[in-house]
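Asks: I am attaching a structure below and will ask some questions about it afterwards.
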Amino acid sequence: MSWLHLITHNIPWFIRTPAVALLGSECYTNLIYNVQLDHIYCLKYGISKFLSLAIVAGSGIVKVPQIIKILQSRSARGLSLTGFLLDSLGLVIIVCYNYRHEFPFSTYGESFLLLIQNTIIVTLIILSSRYPKAGLLSFAAISIPALLIGVTLAPNSPVPSSLLQGLLTLSIPLALSSKIPQIMINFNQKSTGQLSSFLVFSSFLGCLARLFTTLTETGDLTLLINFGCGSILNGMLALQIISYWNESRTTTSSSSSSSNDPHFMDRNGAIPLSTEDRHSGSLELDDLRKIPVRSHSSSHKPPSSSSSPTINLNSPRQWTRKAD
């Protein structure tokens, strides 16, 4: 007996029990106990289970950077509300379908966690964009997915399995329509705005991994098509992030610098007047608008002789000195 078998034959029960539950007795014996890595079926099954757990664990934080980005910037610029709503509806269908067919939670757990994060993002988009009746819309964004899941998964549910199958088929065009608005916004703006690159790339890799796990564990054709479409669309978003990377950074930096620049012109092209300029009579407003950019600390030049007021010496009124 090799030293490796000495380890695998004496694995503690608190590790062995969940490993058997995850891999099954046969694959645990072949892969772990006997270390037979040439067993193709169990090897693929073990890799699939490992990827599934990694996807579920990673999905718990995959959209957190997007949430933080919205909160820090207090803006949802460049994010498609329609896309996130359609994505949430598709996730509700996937969760209900997998649960009704008693598939392992590891094959769809990320959909449930992503739905929770999607709901938070939708609420933030509504609130930051100041939609009319934002509070009511936020409540609807939270309660409707919860209601749909509750009705579908309840004992003696009135929703038949055939309807869920049809809804899952419908989720394929939903997946397409949820990403296309975001792709079009990025294309029109030539920028990805507040879209999180971590979210896009992790979603792309997650869909690719789900293709393998679904093919290995369930073989459901509709789910395979769904994840295939998701891989293509997330791949397009990833390419846009790479293509518009410099443009997005330039847009963000320019908007930040312009808001902090004391000489930034207003929308009419005028330079805001300082307190000294407003109270000084040495320069006229029209003269100030002709100055492109100047520092507040720069000294005022006296008006030219051509623009100096003409003094009538014969006037009975005494002239006074003009204040600087």
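Glycine is treated like the rest: Cβ placed from N, Cα and C.
Features from TrEMBL:
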TRANSMEM  79-100  transmembrane segment
TRANSMEM  112-129  transmembrane segment
TRANSMEM  136-156  transmembrane segment
TRANSMEM  162-180  transmembrane segment
TRANSMEM  192-212  transmembrane segment
TRANSMEM  224-245  transmembrane segment
REGION    252-279  region 'Disordered'
REGION    291-324  region 'Disordered'
COMPBIAS  300-309  compositional bias 'Low complexity'
Asks: Quick one: find which recorded stretch in 79-100, 162-180, 192-212, 224-245 has the most Cβ pairs under 8 Å with the transmembrane segment (112-129).
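Replies: When the Cβ pairs under 8 Å are tallied, 79-100 comes out ahead.
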Asks: Would you kindly check 79-100, 136-156, 192-212 and say which stretch has the most C-beta pairs under 8 angstroms to the transmembrane segment (162-180)?
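Replies: Highest pair count goes to 79-100.
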Asks: May I ask for the residues of the chain that lie six or more residues beyond the transmembrane segment (192-212) and have a Cβ under 8 Å from a Cβ within it?
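Replies: Same-chain contacts beyond the ends: 47-48, 51, 54-55, 58-59, 62-63, 65-66, 69-70, 73, 75-79, 110, 182, 185-186, 224, 227-228, 230-231, 234-235, 237-238, 240-241, 244, 248, 251.
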